[in-house]
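**Student:** Questions regarding the structure given below will be posed in turn.
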Amino acid sequence: MSTALLDAVVKKNRVRLIPFMLALYVLAFLDRSNIGFAKQTYQIDTGLSNEAYALGAGIFFVVYAFLGVPANLLMRKLGARTWIGTTTLLWGFLSAAMAWADTEAKFLIVRTLLRAAEAGFFPGMIYLTSQWFPQRNRASIMGLFYMGAPLALTLGSPLSGALLEMHGFMGHPGWFWMFVIEGLLAVGAGVFTFFWLDDTPEQARFLSKQEKTLLINQLASEEQQKVTSRLSDALRNGRVWQLAIIYLTIQVAVYGLIFFLPTQVAALLGTKVGFTASVVTAIPWVAALFGTWLIPRYSDKTGERRNVAALTLLAAGIGIGLSGLLSPVMAIVALCVAAIGFIAVQPVFWTMPTQLLSGTALAAGIGFVNLFGAVGGFIAPILRVKAETLFASDAAGLLTLAAVAVIGSLIIFTLRVNRTVAQTDVAHH
């Protein structure tokens, strides 16, 4: 009876929270990656150099690295609704402000402020998931959330491409309208957050008293099985550092490809970045949608975290590397494999810290791991450009990213993860 009721509660939470979280992630990812679509014409119009573009794409992550931990602790203190709603409003306005960043200095300043506003969003979403869903459901729940990335790049690619075609409307370039319109969408979502989100299950307006009690008791029982709830213990735990390094390698693969993908696809097609290239750019993200649905569900069903994550990241590395060596059609196929790999690995990966940590340690630990991811995002475009310049080859940059992803997969294989927890949970499903 309690198992059936708990499943019903999880379903209610999923219906209430996942579409909301997914929509926010779509907007966040779109605002974060739309600079890739603007790159070609934006650089021509503003005179922005390749080095400044790479620095701007990378510096976006520096502030994030420093603010991730305190942002998550602030969310724990202030409440999810206030924190997520406020930060979403801020990043929406700042994303729109990119439309007026027509010099290198303005570009770097706005990108830095935008990342500061976004710093608490993603780790906050991971923490929010741990407060609303039992351990046995988290990979598939995170998989649904992570579909926001391929959705943003599937729907957002044609959207961004179409907005770029507005060049000349009211005397402004296409990238101006892309930044303004996509930024204001996030502003609207921030306002909606204040009316929709509850801070904790105890405050949930859509759950009965019995449902709240059952969920709270289930989550409390899982907390008792975790290694630590203190931040100091978390930072002394070797597995936390392993997770942080792994996440760095994942983000190198992700952002080393995403920031340059529209340009890479346009080069494969022999055209400029516009609507046609943007539609083709969406193909890998359509593939990633299916992978992000299936792979985390398989992980939840089997209770297998480590091997699923390692093999998925390995596939991403192989796909990235081959995309620079094959014919245009096969290169698109390789990019599909890469996108499936580096998107689908992340929801499986994030079950590991939520299985290991609890309380304040979990909030700060997620921020700590995400800090390393921010470092990965910072160095990724710089690493790719440096490799391309050093070897005078676009393929060299892709092979460098691939090598980092393969190293990450090998580290995952060495990680000790308590598979029994997931298996036990599945057995009770």
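Indices start at 1 and increase along the chain as displayed.
Including glycine, each Cβ sits where the backbone N, Cα and C put it.
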**Student:** Membrane-wise, does Swiss-Prot list Tyr53 and Asp300 under the same topological domain?
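**Tutor:** Going by what Swiss-Prot records, Asp300 is on the same face of the membrane as Tyr53.
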**Student:** Do any residues of this chain, six or more beyond the ends of the transmembrane segment (362-382), have a C-beta under 8 angstroms from a C-beta of it, and if so which?
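**Tutor:** That would be 53-55, 57-62, 64-66, 68-73, 75-76, 122-123, 126-127, 130, 229, 231, 234-235, 240, 243-245, 247-256, 259-260, 353-354, 356, 401.
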**Student:** With DSSP as the reference, give the number of residues of the topological domain 'Cytoplasmic' (76-81) in helix, strand and coil.
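**Tutor:** Its residues fall into 5 helix, 0 strand, 1 coil.
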**Student:** Please work out whether the transmembrane segment (275-295) lies in contact with the transmembrane segment (82-102), by counting C-beta pairs under 8 angstroms that are 6 or more apart in sequence and asking whether there are at least 3.
**Tutor:** no
**Student:** Quick check for me: are there 3+ Cβ pairs below 8 Å between the transmembrane segment (325-345) and the transmembrane segment (144-164), leaving out pairs under 6 residues apart?
**Tutor:** yes
**Student:** Taking the transmembrane segment (175-195) as reference, which of 17-37, 55-75, 82-102, 243-263 has the most Cβ pairs under 8 angstroms?
**Tutor:** 82-102
